[in-house]
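What follows is a set of notes on a single structure, which appears directly below.
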Amino acid sequence: MEFVTALADLRAEASCPICLDYLKDPVTISCGHNFCLSCIIMSWKDLHDSFPCPFCHFCCPERKFISNPQLGSLTEIAKQLQIRSKKRKRQEEKHVCKKHNQVLTFFCQKDLELLCPRCSLSTDHQHHCVWPIKKAASYHRKKLEEYNAPWKERVELIEKVITMQTRKSLELKKKMESPSVTRLECSCTISAHFNLRLPGSSDSSASGS
(Lines of atoms letter the chains of each structure in order from A and count residues from 1; the text may use other names and numbers.)
(Lines give C-alpha, C1' and ligand atoms only; values in the text may rest on other atoms or scores of the structure.)
Protein backbone atom coordinates (compact mmCIF):
# COMPACT_ATOMS: atom_id res chain seq x y z
CA MET A 1 0.00 0.00 0.00
CA GLU A 2 2.88 2.39 0.75
CA PHE A 3 4.24 1.86 -2.77
CA VAL A 4 0.81 2.53 -4.31
CA THR A 5 0.42 5.73 -2.27
CA ALA A 6 3.93 6.92 -3.18
CA LEU A 7 3.26 6.17 -6.86
CA ALA A 8 -0.01 8.14 -6.72
CA ASP A 9 1.79 11.11 -5.13
CA LEU A 10 4.53 10.95 -7.75
CA ARG A 11 1.97 10.83 -10.54
CA ALA A 12 0.19 13.88 -9.09
CA GLU A 13 3.51 15.74 -8.96
CA ALA A 14 4.30 14.79 -12.56
CA SER A 15 0.85 15.64 -13.96
CA CYS A 16 -0.30 18.84 -15.63
CA PRO A 17 -3.23 20.58 -13.81
CA ILE A 18 -4.68 21.63 -17.18
CA CYS A 19 -4.71 18.43 -19.28
CA LEU A 20 -4.43 16.12 -16.22
CA ASP A 21 -1.95 13.95 -18.15
CA TYR A 22 1.78 13.49 -17.62
CA LEU A 23 3.73 16.72 -18.15
CA LYS A 24 5.14 17.26 -21.63
CA ASP A 25 8.01 19.75 -21.89
CA PRO A 26 7.27 20.95 -18.32
CA VAL A 27 7.65 24.64 -17.48
CA THR A 28 7.34 26.53 -14.17
CA ILE A 29 5.55 29.89 -13.90
CA SER A 30 6.03 32.70 -11.34
CA CYS A 31 3.85 31.16 -8.62
CA GLY A 32 5.85 27.91 -8.74
CA HIS A 33 3.27 25.64 -10.38
CA ASN A 34 4.18 23.46 -13.35
CA PHE A 35 2.38 22.90 -16.65
CA CYS A 36 2.94 21.41 -20.09
CA LEU A 37 4.49 24.08 -22.32
CA SER A 38 1.70 23.75 -24.90
CA CYS A 39 -1.02 23.83 -22.20
CA ILE A 40 0.12 27.09 -20.57
CA ILE A 41 0.64 28.74 -23.96
CA MET A 42 -2.94 27.88 -24.94
CA SER A 43 -4.25 29.01 -21.53
CA TRP A 44 -2.61 32.45 -21.88
CA LYS A 45 -3.19 32.73 -25.62
CA ASP A 46 -5.61 35.70 -25.62
CA LEU A 47 -4.33 37.44 -22.45
CA HIS A 48 -2.27 40.65 -22.48
CA ASP A 49 -2.17 42.47 -19.10
CA SER A 50 -2.18 39.76 -16.44
CA PHE A 51 -1.62 36.04 -16.60
CA PRO A 52 -3.41 34.07 -13.85
CA CYS A 53 -2.18 30.64 -12.83
CA PRO A 54 -4.75 28.06 -14.01
CA PHE A 55 -4.26 26.21 -10.71
CA CYS A 56 -4.02 28.80 -7.88
CA HIS A 57 -5.21 31.90 -9.84
CA PHE A 58 -2.15 33.92 -8.80
CA CYS A 59 -1.74 36.79 -11.29
CA CYS A 60 1.67 36.55 -12.90
CA PRO A 61 2.93 40.02 -13.97
CA GLU A 62 4.23 38.80 -17.31
CA ARG A 63 3.99 35.96 -19.77
CA LYS A 64 7.02 34.15 -18.44
CA PHE A 65 7.81 30.51 -17.78
CA ILE A 66 11.02 28.61 -17.10
CA SER A 67 11.85 25.18 -18.56
CA ASN A 68 12.06 22.47 -15.89
CA PRO A 69 14.15 19.53 -17.24
CA GLN A 70 14.47 17.96 -13.76
CA LEU A 71 10.70 17.64 -13.58
CA GLY A 72 10.78 16.19 -17.09
CA SER A 73 13.12 13.44 -15.85
CA LEU A 74 10.88 12.84 -12.83
CA THR A 75 7.90 12.50 -15.17
CA GLU A 76 9.68 9.82 -17.20
CA ILE A 77 10.46 7.91 -13.99
CA ALA A 78 6.80 8.15 -12.93
CA LYS A 79 5.72 6.76 -16.31
CA GLN A 80 8.09 3.80 -16.07
CA LEU A 81 7.03 3.04 -12.49
CA GLN A 82 3.38 3.04 -13.49
CA ILE A 83 4.07 0.66 -16.40
CA ARG A 84 5.96 -1.70 -14.07
CA SER A 85 3.21 -1.47 -11.47
CA LYS A 86 0.60 -2.48 -14.06
CA LYS A 87 2.74 -5.41 -15.23
CA ARG A 88 3.25 -6.57 -11.65
CA LYS A 89 -0.47 -6.34 -11.00
CA ARG A 90 -1.26 -8.42 -14.10
CA GLN A 91 1.30 -11.04 -13.02
CA GLU A 92 -0.20 -11.19 -9.52
CA GLU A 93 -3.69 -11.58 -10.97
CA LYS A 94 -2.47 -14.54 -13.04
CA HIS A 95 -1.31 -16.30 -9.86
CA VAL A 96 -4.61 -15.90 -8.01
CA CYS A 97 -7.29 -18.59 -7.88
CA LYS A 98 -10.30 -17.40 -9.88
CA LYS A 99 -12.66 -19.44 -7.72
CA HIS A 100 -11.48 -18.42 -4.22
CA ASN A 101 -9.41 -15.29 -4.99
CA GLN A 102 -6.43 -16.74 -3.07
CA VAL A 103 -2.80 -17.00 -4.15
CA LEU A 104 -1.90 -20.26 -5.94
CA THR A 105 0.67 -21.88 -3.63
CA PHE A 106 0.22 -25.63 -4.28
CA PHE A 107 0.62 -28.03 -7.20
CA CYS A 108 -1.36 -31.22 -7.81
CA GLN A 109 0.99 -33.90 -9.15
CA LYS A 110 -1.84 -35.99 -10.60
CA ASP A 111 -3.80 -33.24 -12.37
CA LEU A 112 -0.72 -31.05 -13.04
CA GLU A 113 -2.68 -28.08 -11.77
CA LEU A 114 -1.86 -25.04 -9.60
CA LEU A 115 -4.05 -24.78 -6.50
CA CYS A 116 -4.84 -22.29 -3.77
CA PRO A 117 -4.99 -23.51 -0.11
CA ARG A 118 -8.76 -24.04 -0.29
CA CYS A 119 -8.57 -25.93 -3.59
CA SER A 120 -5.86 -28.20 -2.16
CA LEU A 121 -8.28 -29.30 0.60
CA SER A 122 -11.26 -29.85 -1.70
CA THR A 123 -12.68 -33.29 -2.53
CA ASP A 124 -11.44 -32.89 -6.13
CA HIS A 125 -7.86 -33.39 -4.91
CA GLN A 126 -8.56 -35.32 -1.70
CA HIS A 127 -6.39 -38.37 -2.45
CA HIS A 128 -3.94 -36.69 -4.81
CA CYS A 129 -0.31 -35.87 -4.16
CA VAL A 130 -0.33 -32.12 -3.53
CA TRP A 131 2.98 -30.31 -2.99
CA PRO A 132 3.99 -26.70 -2.30
CA ILE A 133 4.89 -24.95 -5.56
CA LYS A 134 8.61 -24.59 -4.72
CA LYS A 135 8.97 -28.31 -3.96
CA ALA A 136 7.08 -29.29 -7.13
CA ALA A 137 9.15 -26.90 -9.26
CA SER A 138 12.41 -28.29 -7.86
CA TYR A 139 11.26 -31.89 -8.43
CA HIS A 140 10.15 -31.36 -12.03
CA ARG A 141 13.27 -29.32 -12.84
CA LYS A 142 15.42 -32.22 -11.63
CA LYS A 143 13.36 -34.72 -13.65
CA LEU A 144 13.76 -32.60 -16.76
CA GLU A 145 17.54 -32.43 -16.27
CA GLU A 146 17.68 -36.23 -15.85
CA TYR A 147 15.64 -36.70 -19.04
CA ASN A 148 17.84 -34.31 -21.01
CA ALA A 149 21.17 -35.71 -19.75
CA PRO A 150 21.39 -38.75 -22.15
CA TRP A 151 20.44 -36.57 -25.12
CA LYS A 152 23.06 -34.03 -24.14
CA GLU A 153 25.69 -36.80 -24.01
CA ARG A 154 24.62 -38.07 -27.45
CA VAL A 155 24.87 -34.60 -28.96
CA GLU A 156 28.35 -34.13 -27.48
CA LEU A 157 29.44 -37.53 -28.84
CA ILE A 158 28.11 -36.71 -32.33
CA GLU A 159 29.90 -33.36 -32.26
CA LYS A 160 33.17 -35.12 -31.37
CA VAL A 161 32.73 -37.64 -34.23
CA ILE A 162 31.97 -34.84 -36.71
CA THR A 163 35.03 -32.89 -35.55
CA MET A 164 37.25 -35.97 -35.88
CA GLN A 165 35.92 -36.84 -39.36
CA THR A 166 36.35 -33.25 -40.53
CA ARG A 167 39.96 -33.24 -39.32
CA LYS A 168 40.65 -36.57 -41.09
CA SER A 169 39.08 -35.28 -44.32
CA LEU A 170 41.28 -32.17 -44.25
CA GLU A 171 44.37 -34.29 -43.62
CA LEU A 172 43.40 -36.57 -46.53
CA LYS A 173 42.85 -33.59 -48.83
CA LYS A 174 46.28 -32.17 -48.01
CA LYS A 175 47.89 -35.56 -48.59
CA MET A 176 46.20 -36.02 -51.97
CA GLU A 177 47.21 -32.53 -53.09
CA SER A 178 50.86 -33.27 -52.34
CA PRO A 179 52.81 -33.68 -55.68
CA SER A 180 54.97 -36.49 -54.25
CA VAL A 181 51.99 -38.80 -53.65
CA THR A 182 51.35 -41.43 -56.37
CA ARG A 183 47.93 -42.54 -57.57
CA LEU A 184 48.30 -45.92 -55.82
CA GLU A 185 49.20 -44.22 -52.56
CA CYS A 186 46.13 -41.97 -52.90
CA SER A 187 43.92 -45.03 -53.44
CA CYS A 188 45.41 -46.77 -50.44
CA THR A 189 44.97 -43.67 -48.28
CA ILE A 190 41.31 -43.24 -49.32
CA SER A 191 40.59 -46.93 -48.71
CA ALA A 192 42.19 -46.79 -45.29
CA HIS A 193 40.25 -43.63 -44.44
CA PHE A 194 36.91 -45.22 -45.29
CA ASN A 195 37.95 -48.74 -44.12
CA LEU A 196 37.63 -50.19 -47.67
CA ARG A 197 39.56 -53.01 -49.40
CA LEU A 198 41.10 -52.24 -52.78
CA PRO A 199 40.16 -54.56 -55.67
CA GLY A 200 43.05 -56.89 -56.45
CA SER A 201 44.45 -56.71 -52.92
CA SER A 202 45.99 -59.81 -51.30
CA ASP A 203 42.76 -60.56 -49.38
CA SER A 204 40.76 -60.35 -52.60
CA SER A 205 43.25 -62.61 -54.43
CA ALA A 206 43.26 -65.08 -51.59
CA SER A 207 39.51 -65.32 -51.55
CA GLY A 208 39.46 -65.86 -55.31
CA SER A 209 41.99 -68.69 -55.18
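Including glycine, each Cβ sits where the backbone N, Cα and C put it.
When pLDDT is averaged over the zinc finger (16-57), the result is 93. Positions annotated as zinc finger by Swiss-Prot, on the basis of sequence analysis: 16-57 (among others).
Annotation comment: Swiss-Prot describes 92-133 (among others) as zinc finger, evidence class sequence analysis. In terms of DSSP secondary structure, the zinc finger (92-133) contains 11 helix, 11 strand, 20 coil.
According to Swiss-Prot, the feature Zn(2+) binding site maps to C97, H100, C119, H125.
Here the zinc finger (16-57) has Cβ contacts under 8 Å with residues 63-68, 71-72, 75, 78-79 of the same chain, all six or more residues outside its ends. When DSSP labels each residue, the zinc finger (16-57) comes out as 7 helix, 10 strand, 25 coil, counted as helix, strand and coil in that order.
Minimal Cβ crowding within 10 Å, among the binding-site residues H100, H125, is found at H100. The Cβ of C119 (Zn(2+) binding site) lies under 8 Å from the Cβ of C97, K99, H100, F106, H125, each of these being in the same chain and 6 or more residues away along the sequence.
In sequence order, K99, Q102, L104, F106, L115, C116, P117, R118, S120, S122 are the residues of the same chain, not among C97, H100, C119, H125, whose CB sits within 8 A of the CB centroid for the Zn(2+) site.
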